[in-house]
Amino acid sequence: MHAAPMYIAETAPSQIRGQLVSLKEFFIVLGMVGGYGIGSLTVNTLSGWRYMYATSVPLAVIMGIGMWWLPASPRWLLLRVIQGKGNVENQKEAAIKSLCRLRGPAFVDSAAEQVNEILAELSFVGEDKEATFGELFQGKCKKALIIGGGLVLFQQITGQPSVLYYAPSILQTAGFSAAGDATRVSILLGLLKLIMTGVAVVVIDRLGRRPLLLGGVGGMVVSLFLLGSYYIFFSAAPVVAVVALLLYVGCYQLSFGPIGWLMISEIFPLKLRGRGLSLAVLVNFGANALVTFAFSPLKELFGAGILFMGFGVICVLSLLFIYFIVPETKGLTLEEIEAKCL
């Protein structure tokens, strides 16, 4: 969850980095849809869960074998150079070979020049000293942690776990008997997530991170207030709940879904990227667990309408956070992000 976006961000050309990191989210959602589909086929089979797990094994084996052929991140190799770890010429040669493997034959002639540019940029932004964990909470790293940690925190506390985990019961409450078949509902929502993530992949490097975040989270605000209004005012019109649910899922996958992971993979300075990203992932899953476990007690205490309205208010706060705090990183190299945005 944290190594994949970090590796992609460090190895991808800046012009398509957004697309490639977002493709990770796209294939995760594709896997979910496949899992939902296989689950629906085996749900009535005796010990069907065994078949569900068995179908994942070949994919995991292929991926595990494929990992052995991945070259090391050129930026990681060059970071070791300026921190005085290993032979300078050997590390530079390894970085050039890695870049050639990652970018293809057309890049062979310019690989050495690119390596020297990355080295110069790393030296300029002060990556020459090995970082301590405490530096995460100081200077540039502190700002990166606020941006990255804030995004993944709002990604969860705007109700994403609750809306998605409880989607079948939301539809059931709305009076749609088909929602009784949770697997079918999951497949439909999964397909919508897949389509909207695909849209984000196509446009993210053209439009930028901020427009998609602001537009998508704005749509989430509308959908949450609409969902809350259904439970309080429009309970006789179940179509309101369905429209709100679909709007929420679509807007989330256009914004927080892929861009949260993209931003945390590119915003941290290189020497602390691994630790910073790990901490952001910890915040993400901690907040996910908190919202998941708190939803039912809070629903009992306040009612679904007030609860979704509360998520809507938090979503408005996240919109303000994005507008005033989150920078645009479209088209910038990782070193330029560190120099200009932090």
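The first residue you see is number 1, and the count goes up from there.
Note: Cβ is positioned from N, Cα and C throughout, glycine not excepted.
As written in TrEMBL, here are the features:
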DOMAIN    1-330  domain 'Major facilitator superfamily (MFS) profile'
TRANSMEM  21-39  transmembrane segment
TRANSMEM  51-70  transmembrane segment
TRANSMEM  144-167  transmembrane segment
TRANSMEM  187-205  transmembrane segment
TRANSMEM  212-233  transmembrane segment
TRANSMEM  239-264  transmembrane segment
TRANSMEM  276-295  transmembrane segment
TRANSMEM  301-326  transmembrane segment
Top Cβ-contact partner of the transmembrane segment (212-233) among 21-39, 51-70, 187-205, 276-295, 301-326 (pairs under 8 Å): 301-326
Contact call for the transmembrane segment (276-295) against the transmembrane segment (144-167), three or more Cβ pairs under 8 Å: yes
Proximity verdict for the transmembrane segment (239-264) and the transmembrane segment (51-70), three or more C-beta pairs under 8 Å: no
Surrounding residues of the transmembrane segment (21-39) on its own chain - C-beta under 8 Å, 6+ positions past either end: 4-5, 8-9, 12, 51-52, 55-56, 183, 186-187, 190-191, 193-194, 197-198, 200-201, 204, 253, 257-259, 261-262, 265-266
Tertiary contacts of the transmembrane segment (51-70), as residues 6+ beyond its ends and Cβ separation under 8 Å: 7, 35, 38-39, 42, 45
Local confidence of the domain 'Major facilitator superfamily (MFS) profile' (1-330) - pLDDT mean: 86
